[in-house]
Amino acid sequence: MTLHWSLLLFIAIALVSSVAQAAVVEHTFNVGNFSISQLCQPPLIITAVNGQLPGPTIYAREGDTVVVHLVNTSPYSMTLHWHGVLQRGTPWADGPAMVTQCPVQPGGNYTYRFNVDGQEGTLWWHAHVSFHRATVYGALVIRPRGGAKAYPFPKPDKEHVVILGEWWNATVYDMERMAFLTGIPAPHADAYTINGKPGDFYNCSAPNQTAKFEVRQNGTYLLRIINAGMNTPLFFKVAKHRLTVVGADACYTKPYKTDVVVVSPGQTVDALMVASAAVGRYYMAASPYDSAIPQGPPFSDTTATAILQYAGARRKTVRWRPPVLPRRPPVNDTATAHRFFSGMTALLRHGKPSAVPLAVDTHMYVTVGLGVSLCQPEQLLCNRSAPPVFSSSMNNASFVVPKNTSLLEAHFRREPAGVYTRDFPDTPPVVFDYTGDESDNATMQFTTKSTKVKTLRYNETVEMVLQNTRLIAKESHPMHIHGFNFFILAQGFGNYDKRRAERRFNLVDPQERNTIAVPTGGWAVIRFVADNPGMWYMHCHFDAHISLGLAMVLEVLDGPTPETSVPPPPADLPRCS
């Protein structure tokens, strides 16, 4: 009896201790306009959070509740998305405009509240309406509940958040609006940035426009690398230093040693770096990876830099010596990109096997790529006598968000009529040579505008082949799924061949991600369990492509209990104007 009560007391203390360790992490994000000068241009009005570029970093521990009060003092409609947060039980906090909520209007506010159970690593947050995420973004760092000593890798001496971005010498909202009205894609960025700063290799860069990171010789540092860029995958290197990747998209990986990290928009990488070089100054460099074949319009083939500065490197003889610059990969180095993307595997912990599901309920074969469409009625400046304008699609369905009701509200009310249809196709409408350079299926270039969703039963296991197409150009598309992580079973080039590919499936320790860079002119196979009820956006993380329709939505039906069902919307959920 004494042993019995002792055991109960121990369990009770453990439960109380566990609850006590969880905290509420609360922030107020004031989204407003302020002016900033970069690259010797006149002051530019940008939209940002709390007058910062990048915005504030949110630090939490696994199991914490995050509460963010969005106060919109900008002149634009606004939403925030918590990229990679699973949002189990909190689908109303996911953030994409007209998918899970109507935008917060100027002068309005909304409180995002969600939990980070079962997630550790680097995620991030960003605006999810128009092109505002070009300047409305920041890091979301989730540490283990047990602190740094609980990392499944050597404890770092310090951590650095490294956010890669893109910069335009223009107002991005006006740029996006003009692209829509004319049907002509928005221009490429004028510069790349590291922590909001372009660095030393742009004309007229000022000394205060280069980010700096302090290290001590032989120290170990955890770099939390985020590609918050709008449209460009980036190579990331540190001169004279090698990196050991230990995580990607807030999922631990087996240690992967490399001298170059490749991050597509939306992705994150956690990498350890030992400061083992001679005392001095070294450049971190972020340079573009252009995967398009044939290459499209000219883009900024430039390099953003930050300075890694060793303690003791302030002495004149060292300070006046220019930092060492790493050799950057060729801009079209697909081999290096593919080697990195396909080289990582999951870290299996505590002797547990991988959670990858082995039985599949639903198979989908989904083409992703560019196409064309006729001018839409709302495109008032579109040249209707010229050739068709650019579009993009998945299985030839070019996604259009609803105008008056968010998808999640229509789903919750069980009133889809007039808002969306449940007929997203499981396969392409026509089978053809998807990646052939001489593809003759010109009719498939024309896409159909629609708001189609794929409806899934609760707990259904889905295997999806993502197939790149060559109709306009082959290109690596970073495909992101809200509300889920997925396992990457295999990836390769050319047209997907089921028999050959299945022999290569990794069902033992496949990497787990929320965003996958589908190989240019190739394919990838992902698998996940639809155990999160709600309406979940799946889209290319090139904003130039999502605005053209390279998206769809997964509608996951309720499970058998209140805990496995979409809860009622919060009282302050914004209304559509």
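Placement of Cβ uses the backbone N, Cα and C atoms for every residue, glycine included.
Following the DSSP three-state reduction, the secondary structure of H480 (Cu cation 1 binding site) is strand. Within the same chain, residues at least six positions away from H480 (Cu cation 1 binding site) with a Cβ under 8 Å of its Cβ are H83, G266, N514, T515, Y537, M538, H539, C540, H541. What Swiss-Prot lists as Cu cation 1 binding site is H81, H480.
The Cu cation 2 binding site annotation in Swiss-Prot covers H83, H126, H541 and is backed by similarity to another entry. Cβ neighbour count for H126 (Cu cation 2 binding site): 25 (other Cβ atoms within 10 Å of its Cβ, all protein chains included).
H539 (Cu cation 3 binding site) falls within a strand segment according to DSSP. Taken from Swiss-Prot, the feature Cu cation 3 binding site applies to H128, H482, H539, supported by similarity to another entry.
Taking the Cβ of C540 (Cu cation 4 binding site) as centre and 10 Å as the limit, one finds 29 other Cβ atoms among all the protein chains shown. Among the features that Swiss-Prot reports, Cu cation 4 binding site is placed at H477, C540, H545.
Summarising the annotation, Swiss-Prot assigns domain 'Plastocyanin-like 1' to 30-147.
What Swiss-Prot lists as domain 'Plastocyanin-like 2' is 158-313.
The N-linked glycosylation site feature in Swiss-Prot is assigned to N33 (among others). A simple way to gauge crowding: the CB of N33 (N-linked glycosylation site) has 15 other CB atoms within 10 angstroms, across all the protein chains here.
All protein chains shown were included, and the count of other CB atoms within 10 Å of the CB of N109 (N-linked glycosylation site) stands at 17. Look at Swiss-Prot and you will find N109 (among others) tagged as N-linked glycosylation site.
The N-linked glycosylation site annotation in Swiss-Prot covers N169 (among others) and rests on sequence analysis. Listed in sequence order, the residues of the same chain lying 6 or more apart from N169 (N-linked glycosylation site) and placing their CB within less than 8 Å of its CB are Q38, L39, Q41, L44, D190.
Taking the Cβ of N203 (N-linked glycosylation site) as centre and 10 Å as the limit, one finds 8 other Cβ atoms among all the protein chains shown. According to Swiss-Prot, the feature N-linked glycosylation site maps to N203 (among others).
Annotation comment: Swiss-Prot describes N208 (among others) as N-linked glycosylation site. Taking Cβ-Cβ distances under 8 Å and a sequence separation of 6 or more, the neighbours of N208 (N-linked glycosylation site) in its chain are K197.
As annotated by Swiss-Prot, N-linked glycosylation site applies to N218 (among others), with the evidence given as sequence analysis. N218 (N-linked glycosylation site) counts 10 other C-beta atoms within 10 Å of its own C-beta, drawing on all protein chains shown. In the three-state DSSP classification, N218 (N-linked glycosylation site) falls within coil.
Taken from Swiss-Prot, the feature N-linked glycosylation site covers N332 (among others), and the record attributes it to sequence analysis. N332 (N-linked glycosylation site): 15 other CB atoms within 10 A of its CB, across all protein chains.
A coil conformation is recorded for N383 (N-linked glycosylation site) in the three-state DSSP classification, outside any helix or strand. The N-linked glycosylation site annotation in Swiss-Prot covers N383 (among others).
Annotation source Swiss-Prot lists N-linked glycosylation site at N396 (among others). When secondary structure is read from DSSP and collapsed to three states, N396 (N-linked glycosylation site) falls in the coil class. The Cβ of N396 (N-linked glycosylation site) has 22 other Cβ atoms within 10 Å, all protein chains considered.
Neighbour list (N404 (N-linked glycosylation site), Cβ cut-off 8 Å, at least 6 residues apart, same chain): V419, C576. Under the heading N-linked glycosylation site, Swiss-Prot lists N404 (among others).
DSSP gives H126 (Cu cation 2 binding site) a strand state. Taking the Cβ of N383 (N-linked glycosylation site) as centre and 10 Å as the limit, one finds 12 other Cβ atoms among all the protein chains shown. Its Cβ taken as reference, N459 (N-linked glycosylation site) is surrounded by 17 other Cβ atoms within 10 Å in the chains shown. Nearest neighbour of H482 (Cu cation 3 binding site) by Cα distance, taken over the recorded positions N33, H81, N218, N459: H81. For H128 (Cu cation 3 binding site), the number of other Cβ atoms no farther than 10 Å from its own Cβ, over all displayed protein chains, is 28. Listed in sequence order, V368, G369, L466, N468, A517, V518, C540, F542, H545, L550 are the same-chain residues at least 6 apart in sequence whose CB falls under 8 Å from the CB of H477 (Cu cation 4 binding site).
Other than the site residues H83, H126, H541, same-chain residues with C-beta atoms no more than 8 angstroms from the centre of those residues' C-beta atoms, the Cu cation 2 site, are H81, W124, H128, R133, Y137, A228, P265, G266, H480, T515.
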